[in-house]
Amino acid sequence: MVSEKTMEYLPYAAMFVMLLFVQAGALLLTPAMNDAGYTAFDDPSAIENIAFFFAILIGFTALMLVLIRYGGKKVLSAIIAFSILLIFIYIFAAVAEALFHNVTLTLILTATLSLAATALLYKYPEWYVIDVLGILICAGAASIFGISLEIFPVIILLIILALYDAISVYKTKHMIALAEGVINSKAPILVVIPKTRDYSYIRQGVNLEKDKKERGAFLMGMGDLIMPTILVVSSSVYLSAGNIIFGVSMPTLGAAAGTFAGLAVLLWFVAKGNPQAGLPTLNGGAILGFLLGCAASATWYWIPVL
């Protein structure tokens with residue numbers, strides 16, 4: 001029998017495992033994504049890409065808040081479902097093309113798997129379905145954006161997003177309102193980590209009005225898994241610093257390790273019971289770990305002025 005103390009810490013351990021799967025999955029998907037040419041921007045070195053990315057983020061966040069506030073949950077659900085379907089299409093198309101090199105087979109597999117995965121998320125949104133497919137979504141999204149942006153723009157973007165996350169959680173608090181709306185609509189853009197073995201997200205959901213200790217599960221935004229992983233992917237694509245293990249360079253390994261350190265700090269604050277902005281510690285850890293990896297390998301040519 002697993003002790004109560006062990007059960008108390010298992011959800012925290014699960015978050016580290018999920019982050020590991022997202023980062024490993026993103027690195028594994030990247031060669032196929034890169035070969036397929038799935039990039040969000042034409043020029044990965046352009047700093048203006050950051051403004052475009054941030055403008056889309058602000059616009060999408062504002063749209064979601066308006067739809068939540070004025071009863072447009074069905075429209076919101078449709079928009080999120082379409083976005084998820086697009087990500088699945090990119091992922092399955094890249095993998096199928098890399099494996100089979102057959103256009104017809106790639107089209108059939110991509111359409112079948114993408115529609116099936118999206119339908120499963122909405123028809124049976126149990127926590128383990130959301131988490132498994134959520135890991136794939138996060139890995140695919142991080143891979144696409146990591147390929148689309150070189151290292152320097154990524155670092156600037158992660159700093160801006162960390163500041164925005166902190167302001168939106170601690171100051172304006174609109175991110176908390178957004179999270180509540182997403183939870184109430186059961187939109188599958190949050191990973192769910194149950195506290196007990198008999199927990200069901202379909203039956204019980206997560207009531208944010210309850211004390212944190214009384215809730216049946218922890219929640220983590222997919223953005224918290226995606227954003228720091230973008231730096232991991234970008235450094236693996238745009239940096240040559242000598243591979244250390246499994247084809248991963250020291251700066252890439254440092255970015256990954258730094259994200260785990262940031263997650264440890266984040267969970268220490270989460271254990272205190274208040275809503276926390278994830279990106280300040282996660283992005284900060286990824287950037288610091290990456291810089292330490294660059295220092296260890298004497299790799300600084302990615303800085304534009306050098």
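Even glycines carry a Cβ here, placed using N, Cα and C.
What TrEMBL annotates here:
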| type | residues | note |
| --- | --- | --- |
| TRANSMEM | 12-30 | transmembrane segment |
| TRANSMEM | 50-68 | transmembrane segment |
| TRANSMEM | 75-93 | transmembrane segment |
| TRANSMEM | 99-121 | transmembrane segment |
| TRANSMEM | 128-145 | transmembrane segment |
| TRANSMEM | 151-170 | transmembrane segment |
| TRANSMEM | 217-238 | transmembrane segment |
| TRANSMEM | 244-270 | transmembrane segment |
| TRANSMEM | 282-303 | transmembrane segment |
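Here the listed stretches are 12-30, 50-68, 99-121, 217-238, 282-303, and the one with the most C-beta pairs under 8 angstroms to the transmembrane segment (128-145) is 12-30. Sequence-remote contacts of a segment are chain residues at least 6 beyond its ends whose Cβ falls under 8 Å from one of its Cβ atoms, and for the transmembrane segment (217-238) they are 11, 15, 18-19, 22-23, 26-27, 30, 34, 44, 127, 134-135, 137-139, 141-143, 145-147, 149-151, 154-155, 157-158, 161, 179, 183, 189-195, 199, 201, 206, 248-249, 251-252, 255-256, 258-259, 262, 270, 278-279, 282-283, 285-287, 290, 293, 302.
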